[in-house]
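Here the structure comes first, spelled out in structure tokens, and everything after it is commentary.
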Amino acid sequence: MAYRIITLILLLCSTSATAGLFDAPGRSNFVPADQAFAFDFQQQQHDVNLSWQIKDGYYLYRQQFTFSAAGATIDEPALPAGEWHEDEFYGKSEIFRQRLTVPVTVKEADKEATLTVTWQGCADAGFCYPPETKVIPLSAVRAASNDGQATAIEPMPSTSSRPAFNPPLPVEPRPAPELATSPAPAAVPPADTPARLPFTALWALLIGIGIAFTPCVLPMYPLISGIVLGGKQRLSTARALLLAFIYVQGMALTYTALGLVVAAAGLQFQAALQHPYVLVGLSAVFILLALSMFGLFTLQLPSSLQTRLTLLSNKRQGGSPGGVFAMGAIAGLICSPCTTAPLSAILLYIAQSGNLWLGGGTLYLYALGMGLPLILMTVFGNRLLPKSGPWMSHVKTAFGFVILALPVFLLERILGDQWGLRLWSMLGVAFFSWAFITSLGATRPWMRLVQIILLAAALVSARPLQDWAFGAPAVEQQAHLAFTRVSSVAELDQALAQAKGQPVMLDLYADWCVACKEFEKYTFSSPDVQQALKGTVLLQVDVTKNSPQDVALLKHLQVLGLPTILFFNAEGQEQSERRVTGFMDAAAFSAHLRDWQA
């Protein structure tokens, strides 16, 4: 008898363990957002602690966090450092796993005060949730008194969301009873993607070295070297190296302070730096900076201010560490026409990062790069540096093309991949054509090989423009499925009614969904998938803005996150067992379509 009971128990365990083997492909194995990112908060007078318990295999994006108070004044919340995550479409972004705690200091709050918090996350398996917003009630507190003690308007115990959070059923996420849930603001690329510039702090070092060889900077180094040495030509090598290094550190101090100020200001505007109109504005600024590097106009400090700074620097005594350091610090404030545009571009990069360490470190490396040739000249003389000539103007123009790449990077987020490719093509053709024409004056034999390479690169870069002007090959013309967009429950019902007699596939898409981009690029472009979908009505919902209408549609369809693809039969009824959640490659999706149509 005991043997039979043990056997029965083992059979039951094995049944539950292997049940997943027979699940329909594409069925959701993802939990609701409230379970993936369990949110909690506690308030003790002026201190509010926001915490997220993040399920294994899921993560939150740092750049998607926003905080706003109504009826209260708060300090800017300080998010901890996360880990770096990279994907094909949106590059590097900072994410949080496991557990996240964010302290918020409430300076003062009214009785009806609230704190609105927005976040967004994804699963490693290729599934992204819409932005979540919680409105938290705050206990009323007055501003701290002169003796530093907080004063509560009402003697209230700590506020916590713990009693309100019961795990929702796996069918649909439900908000906590005590918390009001509102739709999140629009997000232009996902948090992994707030339009992060393709730049790192180490690039600043290389840019600084390059700027040193422009016509506004390199000819000044012999004069600066003499001033640093105090007119003394017979200093020991160690003494000359020390003075040059101190001068560069003084210059670096000014730039580092500027980086810290801009990064601190950037913390207040990170959310704004994700909106399309801001990206367009930044692109226009970068284009103007690039044009200044091409010599169309000059960007620099007013001449009167430059004169005052120069006179102040000249009053400092060269040859002494203190005087040399002060001269370097003042020199950092004098922006020449060649340094203004690259410096402005770096400052915009720092502002959109909002990271103090990154801001200070980036401009320190930039100043160090500019100072390295000065150190070499001060210690070894002119023999290690190239002679001045027309080539310095070419270096300046080349930096103009580098800066011009930044608006292309930003605008392709708004215009889409196709226009982005065309813009990169235009930039490539312009750069390689300029480099080819510039090299024609060279007389050295090996430059002929360089000219051939530049000409070939220009022709290759022009390919997307040729396809645009003369038409892409047939294979590329049928690369994308033609979806009909619907934006509400009523429009969806109407489209299903009009499609009576035909099967329907509904794709839910958003710009912040990386796996949606993968579906578009790798799956929907497959000839096998396109062939299998012939005779199927293709509908698509874009929920990028996460508007109330989008939220209502997702709730109506019981969709947890994206990508999600729904299938309807000829009678307009959803076949829920065929629903796809998460990314599927072309082969798996083709097989899924065949099973659906069988």
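Cβ coordinates are placed from backbone N, Cα and C, and glycine is handled just like the others.
If you go by Swiss-Prot, Cys513 shares a disulfide bond with Cys516, out of Cys338, Cys516. Touching of the transmembrane segment (391-411) and the transmembrane segment (277-297) is concluded from the presence of at least three CB pairs under 8 A, sequence neighbours closer than 6 excluded.
Each of the disulfide-bonded residues Cys122, Cys128, Cys513, Cys516 was scored by the other Cβ atoms within 10 Å of its Cβ; the lowest score goes to Cys128.
Across the domain 'Thioredoxin' (459-598), DSSP helix (H, G, I), strand (E, B) and coil residues number 65 helix, 23 strand, 52 coil. When the alpha carbons of Cys516 (disulfide bond) and Cys128 (disulfide bond) are compared, the span between them is 9 angstrom. The two recorded residues, Cys122 (disulfide bond) and Cys513 (disulfide bond), have Cα atoms 8 Å apart. DSSP assigns Cys128 (disulfide bond) to a strand segment in the three-state reduction.
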